[in-house]
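Swiss-Prot lists Gly169, Asp170, Arg171, Gln172, Thr173, Gly174, Lys175, Thr176 with the feature ATP binding site, giving sequence analysis as the kind of evidence. What Swiss-Prot records for Ser373 is site 'Required for activity', and it gives sequence analysis as the kind of evidence.
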Amino acid sequence: MQLNPSEISDLIKTRIEGLKAGADAKNTGTVISVTDGICRIHGLSGVMQGEMLEFPGNTFGLALNLERDSVGAVVLGDYEHISEGNEVKCTGRILEVPVGPELLGRVVNALGQPIDGKGPINAKKTDVIEKVAPGVIARQSVSQPVQTGLKSIDAMVPIGRGQRELIIGDRQTGKTAVAVDAIINQKGKGIFCVYVAIGQKASTIANVVRKLEEHGALEYTIVVAAAASDSAAMQYLSAYAGCTMGEYFRDRGEDALIVYDDLTKQAWAYRQVSLLLRRPPGREAYPGDVFYLHSRLLERAARVNAEHIEKITNGEVKGKTGSLTALPVIETQAGDVSAFVPTNVISITDGQIFLETDLFNAGIRPAINAGISVSRVGGAAQTKVVKKLSGGIRTDLAQYRELAAFAQFASDLDEATRKQLERGRRVTELLKQPQYQPLQVWQLAASLYAANNGFLDNVDVKDILAFEKGLHDQLKTKYADLINRIEDTKDLSKDDEAALRAAIEDFKKSAAF
């Protein structure tokens, strides 16, 4: 059988002419109104909740409200060029962000697009920003520590890998400082970090990035920035985008730490979006699902077992557990932790670090209130040496604060009470720490040992920090073997304890502080 070329071309022409190329009416719609980054769209009867929509000018949006005859969507980015009557298309995709080691050292927005001027990010993978948290069977108990390098946290409210530890306090109490110090201290510890800045001034975010760079911490950190000038939708989505980037490491048998700074502003952004979408307001004008907003985010931070990782990586990674540790930050108003969002997040997390304005103003920094700061699961993850030595510190501090309040009214104090007050003053002074100077485990062990065994009792309160610095310097120069043993074993054997005691006694005799 011979084919005639002209017949074939005629057949193709006929087919092309008869082709109906019009888009399916289900998947296109028309903009009815656009206000404050919220679009109402007529049509789109086939759209899914959370689906990406394509607007003119290569702009995308997110379908959030599915109503009987219209769809409410938030525009991701500029919306000034969108006008009534514009056509909108469904994309059939859920919002995804790039993930992987290519993002380390970069500053990106809530959509994973670089905003640091260092060129494009060639990430090999993308992942959806909304994911279901690992189930009970996939999880493993928290048993390894995350060292923050801050004496008061590592000793009194220890954090474990896979834990959610809330940092809560009024504005200007050092919440970001605690989180940034924790990131800086992960250098060389194999923990990847994600810092999510939500609703902060661009200058503040730039300052944090500069500090991370100065301390060599940016190389293992991803910064997700949704500044105060960005739209409410971007501020609301940035936390989920950062979480997905952190989960990439968790699901490959690595350890990651994520800081959400702060979730109060994310709740405000979500409230704004919800009210503009005409959703019914509840307590403090927040929508009804504001608890779910934070619980579905924070439940994704977990320690997962080797079977879960093997299943996710299709057998590529075997015999490794992974973790994502979350440090959410909440800003309170005048220390009111019983407000709506603070109580929600306190009930979701595994403990909280409470920072107080009065302590901060009194020069006690980090301004951690030892009485109401707790870590519900971190104790199991604390290093042996710190666990041994830190038991007395918390009790000393709590009793000191209580006694100090009574001592104001009492003129004649008995000897035991006076001693306890003196010890408390010294412990309070010892737990002060300058910013960007995290301590290693051996330094913390030496400081705690000196406090517990009365070596500070005859040192003037004003000289405590100088004493501590001098002790650390002498241990570093004269007792390197002891330091290495403590760092390697993370424990204090009887011999090492005797050596440490002798070293401190030797230092006190020299009085080199």
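Yeah, the Cβs are placed from backbone N, Cα and C, and that goes for glycine too.
When Cβ atoms from all protein chains are considered, those within 10 Å of Asp170 (ATP binding site) total 18, not counting its own. Sorted by the number of other CB atoms within 10 A, the binding-site residues Arg171, Lys175 start with Arg171, the lowest. Within 8 Å of the centroid defined by the CB atoms of Gly169, Asp170, Arg171, Gln172, Thr173, Gly174, Lys175, Thr176, the record's ATP site, lie the Cβ atoms of Glu331, Leu355, Thr357, Phe360, Ala367, excluding the listed residues themselves.
Within 10 Å of the C-beta atom of Thr176 (ATP binding site) sit 21 other C-beta atoms, taking all shown protein chains into account. Sparsest Cβ environment among the binding-site residues Gly169, Gly174 (other Cβ atoms counted within 10 Å): Gly174. For the recorded positions Gln172, Thr173, Ser373, counting C-beta atoms within 10 A of each C-beta gives the highest total at Thr173. Lys175 (ATP binding site) sits 14 Å from Ser373 (site 'Required for activity'), taking the C-alpha atoms as the reference points. Gly169 (ATP binding site) sits 11 Å from Ser373 (site 'Required for activity'), taking the C-alpha atoms as the reference points.
On the backbone, the CA of Thr173 (ATP binding site) and the CA of Ser373 (site 'Required for activity') stand 15 Å apart. Under the three-state DSSP scheme, Thr176 (ATP binding site) falls in the helix class.
If you measure from the Cα atom of Arg171 (ATP binding site) to that of Ser373 (site 'Required for activity'), you get 17 Å.
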